[in-house]
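Scroll down for the structure; my scribbles are underneath it.
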Amino acid sequence: MWRVPGLLCVRVARKSKFSGSWNRPAAFMSTLLINQPQYAWLKELGLREENDGVYNGSWGGRGEVITTYCPANNEPIARVRQASMADYEETVEKAREAWSIWADVPAPKRGEVVRQIGDALREKIQVLGSLVSLEMGKILVEGVGEVQEYVDVCDYAVGLSRMIGGPILPSERPGHALIEQWNPVGLVGIITAFNFPVAVYGWNNAIAMICGNACLWKGAPTTSLISVAVTKIIAKVLEDNKLPGAICSLTCGGADIGTAMAKDERVDLLSFTGSTQVGKQVALMVQERFGRSLLELGGNNAIIAFEDADLSLVVPSALFAAVGTAGQRCTTARRLFLHESIHDEVVNRLKKAYAQIRVGNPWDSNVLYGPLHTKQAVSMFLGAVEEAKKEGGTVVYGGKVMDRPGNYVEPTIVTGLDHDASIVHTETFAPILYVFKFKNEDEVFAWNNEVKQGLSSSIFTKDMGRIFRWLGPKGSDCGIVNVNIPTSGAEIGGAFGGEKHTGGGRESGSDAWKQYMRRSTCTINYSKDLPLAQGIKFQ
């Protein structure tokens, strides 16, 4: 049993059938994990010691070979050969050619193909979820849940494929019809982040496909194996339907590939998920060519608990929102505003709840908290904790790196900072929760909105008037506005995205499909006359 500094309660959890030697020192691990017997299941996904990272109907790759690592022990899993610029050019051309075939397939038939993709993902849900846990570092239930989210989006997209379209509008001219025609944009570039390497691609891919688009995916380099495994599943479905594999192309790579996608006029829409800093650069490059971008960037999300809040909801909600995925969700709660009358009680309850968090091997079924994704993330965590102290904050729980292999840090609670402290207004992708006291509604609504990001927000109250003020024009300015639930855990039926420096894009449900299509207003004259609009006479 390894020891953890501080107050964290560590428990031995049951191992899943996929469990490996997560805590063995690196000196004992002389080979890639994929070559060790306990990780033989990786080959069920078609993975090998070295994997091609380019797919455009056939597999290849002439770029740099990178190694991906397990965040739970920092040991190498397998290698991926990334795309060269020549690979990128070839893939874009093949994707454009594939689009010309896919666009002619009726939308309900496209939905049938997406349904088959969902079914194929269902068949691999446990093993693919285990890969997400292994390469990203999130706990197994979240890894499997992420694959389930892609499956759910496929189900949603199947129904949507029979519903997309525009209205017939009343024309002011006799013998005329006025309609909206929606067509696919063409090629959709999808750049995803490490934290949701399956689900975010699924949000974009399933909806873009039923709209009639081809897709070009560049995942995060640190989760390249996941990108390869998912693409292999999709490629088999396309092959079985005698469709070009380049409809769902893949170019694993780094900033050079991402920059090429942003600047490429052949990429009709670029969906980018990542940091606000990089997202701004992407937006400028796309805008320079008058292209379309769909941005899902940072979040500095807040939970507000009023004096009438049900604390039996507040405490577990704050715990899950702040600690889930080790604080690496876009919707992670980073700020907790507590009415002054309940502040001390909630903080004490939270500290007790944090002490019960089960930390360990992400594959163990009872574990709730895994590692950060990289060593760099650990450094960022430590830097943020030190900065919070310098700015007047008090670490009342956590704040340290855990004494064990891997990228484990203690989930952390900080009190005593000003609501507008510099570190509070800086998104740190780590499990740090800043807690504040407030006096009244106007004050705390303003504090919620004063940060540059506008992704997710939540209040806890029983006051119906306050709830509707929160939802109204002077309430939360976020894209996700919740009541009596956490900031994280969005459902696929709603449009996902945020305002301000979060980017303004919307993915997944509701009418987010419109971002993957272009709209034409069409006037059809079926009469023998030629009346002009607005009653103009031109004779």
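Numbering starts at 1 and runs along the chain as displayed.
Cβ from N, Cα, C; glycine included.
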- Message: Of the candidates T325, T331, T332, which one does Swiss-Prot list alongside G489, A490 as binding (S)-2-amino-6-oxohexanoate?
- Response: T331
- Query: Whose Cβ, among the modified residues K462, K500, K537, has more other Cβ atoms within 10 Å than any of the rest?
  - Reply: K500
- Could you tell me which of these recorded positions, N195, C330, T331, G489, has the greatest number of Cβ atoms within 10 Å of its own Cβ? C330
- Near K94 (N6-acetyllysine), which residues of its chain come within a Cβ-Cβ distance under 8 Å, counting only those 6 or more away in sequence? N56, G57, P244, A246, S249
- Task: Could you round the CA separation between C330 (active site, nucleophile) and K537 (N6-succinyllysine) to a whole angstrom and send it over?
- Result: 57
- So of all those recorded positions, N195, K462, K500, K537, which one's Cα sits nearest to T331 ((S)-2-amino-6-oxohexanoate binding site)? N195
- Query: What does DSSP assign K94 (N6-acetyllysine), in three states?
  - Reply: helix
